[in-house]
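Here is what TrEMBL says about this protein:
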BINDING   H124, H413  heme b 1; low-spin binding site
BINDING   H273, H323, H324  Cu cation binding site
BINDING   H411  heme b 2; high-spin binding site
DOMAIN    20-545  domain 'Cytochrome oxidase subunit I profile'
TRANSMEM  40-61  transmembrane segment
TRANSMEM  82-105  transmembrane segment
TRANSMEM  125-145  transmembrane segment
TRANSMEM  157-180  transmembrane segment
TRANSMEM  192-214  transmembrane segment
TRANSMEM  226-250  transmembrane segment
TRANSMEM  270-291  transmembrane segment
TRANSMEM  303-320  transmembrane segment
TRANSMEM  372-395  transmembrane segment
TRANSMEM  415-432  transmembrane segment
TRANSMEM  452-479  transmembrane segment
TRANSMEM  499-525  transmembrane segment
Amino acid sequence: MTSAGTLSSFERRIAFALSIALAIIGFAMAAAAGKGVMAVHGAMALALGLFLVFRTGGALYDDAPGPERHDRYFDGPTRFGIVMTLVWAIVAMGVGVWVSALLYWPEGTTALPWTSFGRLRPVHTTGIIFGFGGNALIATSFYVLQRTARTRLADAISPWFVLIGFNLFCLWAVSGYLMGSTQSKEYAEAEWYADIWLVIVWVVYFTVYIRTLARRHEPHIYVANWYYMAFILIVAMLHIVNNLALPVRWNTADSFTIWAGVQDAMIQWWYGHNAVAFFLTSGFLGMLYYYLPVRSGRPIWSYRLSILSFWGIVFFYIWVGSHHLHYTALPYWVQTLGMTFSVMLLVPSWASAGNAIATLNGAWHKVRDDATLRFMFVAAVFYGLSTFEGSFLAIRPVNSLSHYTDWTVGHVHSGTLGWVAMIIFGAIYTMVPQLSGREAMAWPRAIEWHFWLAVGGTLVYVVAMWNAGITQGLMWRAYDENGALSYSFVQSVEAMAPYYLIRTIGGGMFLTGAIICALNCLATFRSAPYMAEPRDVPLKPQPAE
Ligand code: HEM
Ligand code: HEM
Ligand SMILES: [Cu+2]
């Protein structure tokens, strides 16, 4: 992936030294732990470190000076990030389809502990949010940053460090769950040393972003960068506070969180909800605000509104975590606060969705003809729908019906399939031909297929879960004339069977589309002319109106 030609001799030495350091850290972890999860993770880091030592070591004594390509964007890390996005998409969606099938067909669970639903479910959630979503965010952020700042990334090592380090974190996390280790915090199940590692990776990410911005040749900081920076900065804050923990011993994976009781619950959902806000929304809005105007060839409908909704989203989102804890020991006023801010949040959310859709005004013929642009259009529509649904679910009496039911799961996937995954695919189909020096993807017809499989799969999934959730909610609160519950819990579980089957079919369609996308990208990258120069559509930031 990395060609030594793009690194200066100083950078090659740094890369080599970092690879050795990783191998040593891995060895030390494995040796100190001796056995168990941490030893396996140490061995993984050691293997990766040694692999990188050989990759970077070969280039050390390569006398030919690397071409000084300062006239060109540095896209190697972005290409690698796109490949990792697609790899994680297939693995984590594959596991999603499998755990969905297990809910319909629990007999499919074998006696091997790692095949159980409880271990595989976080492999799906972590693999898909961080592996698929995270790689897409990092890869696109480097791409967008360079083009909107009209400058090259500040150095050549940091972006590689960020991507490789981040993928090591994801690998540590999911392999840990398979071995039965977890911190028991949703979306933050990884062990303490993996959390510390992620902090290091994230600090490097933030610094390379800021250093590159500081070198920009464009006076204005385009709005997409604001959204990406909010993502980087606030995720760091959330991650550190939620994961504060004391290891039981320095050489095992076990730890205790420092928070206790209801404070722990509040910190967890302050984190959990803002993982939705700043991991699954803010960065993806950055993506939307760059790729949608570029692809449609139209400036953002209202640049001013995009900035206003930025501040609205950042300010309102941070308060709403308590809507995950309605009717709990959390003080009533804190629940009410979360509910109120959730409803207010609809305003900036719809401002963003509406701004994106209004941008397409005058380009509807392109939306009709270009499946790539259609991905982005559908993403904006689902962003609007899922935020409307979210604000509605946050209202306490509504939540009394929806909480614990599959309605939540339906809401989650209308956001993640309809919004997050669609905008990622739109961005990928825009970038991959450009990065390959081609006019278009290798198989343009396949994009059309992917589009319909993705839209169809999302609708099937989400409608099945709405039905499932509302059925569950109503069955649990049905009483007979004597005031006794009309249904036992098991009856409500049995009633779910058809919906779980339908959801599995919808998920299968979505996964098939993702596999088609990966093959299409592979074919496009492969058919690229040797040392392709990226074809760039320069994006001029549009001043307000
Ligand atoms: C092939 C497509 C997918 C399938 C079949 C699928 C399936 C599932 C299943 C079966 C669950 C567990 C539900 C339960 O415990 O009752 C789940 C949970 C979850 N999935 Fe997916 N998923 C897919 C795609 C995605 C994507 C693309 C994302 C994010 C970008 C995502 C994020 C999540 C999250 C956050 C949860 C946890 C929801 C909660 O706790 O309420 N999924 N998924
Ligand atoms: C205005 C915006 C939004 C609001 C106010 C909101 C609100 C809510 C509410 C009230 C719940 C249910 C909590 C419960 O009963 O346990 C929820 C769950 C969830 N939402 Fe949203 N939502 C919004 C947007 C989104 C978007 C765009 C996504 C995905 C991209 C998303 C992903 C999730 C996830 C993953 C959960 C499940 C958390 C869990 O229990 O594991 N939300 N949201
Ligand atoms: Cu929430």
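Cβ coordinates are placed from backbone N, Cα and C, and glycine is handled just like the others.
Here the transmembrane segment (226-250) has Cβ contacts under 8 Å with residues 32, 137, 141, 144-145, 183, 185, 188, 192-193, 195, 198-199, 202-203, 205-206, 209, 256-259, 267-268, 270-271, 274-275, 277-279, 282-283, 285-286, 289, 307, 310, 314, 318 of the same chain, all six or more residues outside its ends. Nonlocal intrachain contacts for the transmembrane segment (192-214), taken as residues 6+ away from its ends with a CB within less than 8 angstroms of a stretch CB, comprise 29, 38, 41, 138, 141, 145-146, 149, 151-155, 158-159, 161-162, 165-166, 168-169, 172-173, 176, 183, 221, 225, 228-229, 232-233, 235-236, 239-240, 243, 245, 247, 253, 255.
Between the transmembrane segment (499-525) and the transmembrane segment (82-105), the number of CB pairs under 8 angstroms, six or more residues apart, is three or more, so the stretches are in contact. Cα-Cα distance from H273 (Cu cation binding site) to H411 (heme b 2; high-spin binding site): 13 Å (rounded to the nearest whole number). Taken together, the residues of the domain 'Cytochrome oxidase subunit I profile' (20-545) have an average pLDDT of 94. Taken in sequence order, the binding-site residues H124, H273, H323, H324, H413 that lie near ligand 2, meaning a CB under 6 Å from one of its atoms, are H323, H324. Counting every protein chain shown, the number of other Cβ atoms lying within 10 Å of the Cβ of H124 (heme b 1; low-spin binding site) is 21. Checking the binding-site residues H124, H411, H413 against ligand 3 with a 6 Å cutoff on the Cβ atom leaves no residue at all. H124 (heme b 1; low-spin binding site) sits 17 Å from H411 (heme b 2; high-spin binding site), taking the CA atoms of both as reference points. The Cβ of H324 (Cu cation binding site) has W269, G272, H273, G338 as same-chain neighbours under 8 Å, each 6 or more residues away in sequence. Highlighted in sequence order, W269, G272, V320, G321, S322, L325, G338, S342, A394 have their Cβ within 8 Å of the centre of the Cβ atoms of H273, H323, H324, the residues recorded for Cu cation, and are not part of that set. For the binding-site residues H273, H323, the ranking by surrounding Cβ atoms (within 10 Å, all protein chains) places H323 first.
Recorded residues the residue listed as 'heme b 2; high-spin binding site' and H323 (Cu cation binding site) have their alpha carbons 14 Å apart, per Cα-Cα distance.
Least packed by the Cβ count within 10 Å, out of the binding-site residues H411, H413, is H411. In this structure the C-alpha atoms belonging to H413 (heme b 1; low-spin binding site) and H323 (Cu cation binding site) are separated by 18 Å.
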